[in-house]
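**Q** I am attaching a structure below and will ask some questions about it afterwards.
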Amino acid sequence: MSDAYLALETGDVVEATARAPGMARGELVFTTAYTGYEESLTDPSYEAQVLTFAYPLIGNYGVRPERTESDRVHPSAVVARELTDDVADWLRTEGVPAVDGIDTRDLVLDIRDGGAMQVGIAAGPDASPATARAQLADCPRLSARTEIGAHVSVDTAETHGNGDTTVALVDCGAKRSIIDAFVARGATVHRLPYDATPADIAAVDPDLLFISNGPGDPANFDAAEHLVDEYIGTVPIAGICLGQQIVARALGGDTEKMDFGHRGVNQPVLDHDSGRVVMTTQNHGYTVADPGDLTVTQVNVNDGTPEALDSAPLDVLTRQYHPEANPGPHDTRGFFDDVLAMADASYTPATAD
């Protein structure tokens, strides 16, 4: 083990222990999830971010490839109070810097009180406060990463499943479990690149246009926004997380960056129609500020931000949280049944996962 340093945007430099060497920079964020570290670390929505785990011990049930949400680790670096050797070895193999041995409660409070901030990390034998500060100096804002979609999307189209309902899934950084949720309910999913064209959508003749989750600023996903504008009123449209934000922007709404976002597996959401509160998995740093032509049907109990946007006349259903969970509670997996029913009135929902 060797030295590591975190240079914060506040001007502070925090000393830590290097568990996987390297230099990194990104937006410093935290998750309050106490399980599901395999899924979180492979969630494309964490691209270009430095992920801090609020829970003090990460790795106490090993690393299982079958639990991953993509083919690689996506955070630029990982920060924890304590990482097990299994997780540290995995991150080292992936080439992702990792540090521990610090009180992450202090970092979480800094982010909560001051908002998400940029950070530079230096870990390993050549690390110093100066090298960490150099990483910070070169760190672009998340909104400036205009090509982030290219780093998390498929390059060419893929097909999953062989069901009766056809879903055109625009991959802006999709989690594997979202695709699995559709396939388990009898759908054929055409996974298309983030910059898919209207012609690409037309080629698969979908019953449903789905905009996936993903990282970064929704304003940087013009191609997906154009698809919504092109197909609204013609094909039912759904989206999750970043997808909700993109759909709202396409339909006259707007988005904004949050102070520190929602990242965890216990975010309470209130449904206006039923009065029911459900626990949800969330991972986002932007939110819908103006829903445009859509109606807000669910809100976050903690801060009132929109968690669901619907329009029966336009055949639109979106969710800011992750109904597929992985990790997290399964309270809202019925969303996939709802959107498939919207796409095909004759569709019979499969048994819930």
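Each residue, glycine too, has its Cβ placed from N, Cα and C.
Annotated region 'CPSase' per Swiss-Prot: 1-166, in sequence order. Under the heading L-glutamine binding site, Swiss-Prot lists SER45, GLY214, GLY216, LEU242, GLN245, ASN283, GLY285, TYR286, citing sequence analysis as support. What Swiss-Prot records for 166-349 is domain 'Glutamine amidotransferase type-1', and it gives sequence analysis as the kind of evidence. Swiss-Prot lists CYS241 with the feature active site, nucleophile, giving sequence analysis as the kind of evidence.
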**Q** Within 8 Å of the Cβ centroid of the L-glutamine site residues SER45, GLY214, GLY216, LEU242, GLN245, ASN283, GLY285, TYR286, which other residues of the same chain have their Cβ?
**A** GLY173, ASN213, PRO215, ASP217, PRO218, CYS241, HIS284
**Q** Any same-chain residues 6+ apart from GLY216 (L-glutamine binding site) with CB under 8 Å of its CB? Would you list them in sequence order, or say none?
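**A** Listed in sequence order: GLU47, ALA48, LEU142, SER143, ARG145, ILE148, GLY149, LEU242.
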**Q** Using Cα coordinates, what distance in whole Å links GLY285 (L-glutamine binding site) and CYS241 (active site, nucleophile)?
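**A** GLY285 (L-glutamine binding site) to CYS241 (active site, nucleophile), Cα-Cα distance: 10 Å.
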**Q** Under DSSP, is GLY214 (L-glutamine binding site) part of a helix or a strand, or is it coil?
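**A** Assignment for GLY214 (L-glutamine binding site) reads coil.
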**Q** Averaging the per-residue pLDDT over the region 'CPSase' (1-166), what integer do you get?
**A** 97
**Q** Can you check which residues sit near GLY214 (L-glutamine binding site), meaning Cβ under 8 Å from its Cβ, same chain, 6 or more apart in sequence, and list them in order?
**A** PRO44, SER45, GLU47, ILE148, GLY149, VAL152, SER153, ASP171, CYS172, GLY173, ALA174, TYR194, PHE221, CYS241, LEU242, GLY243
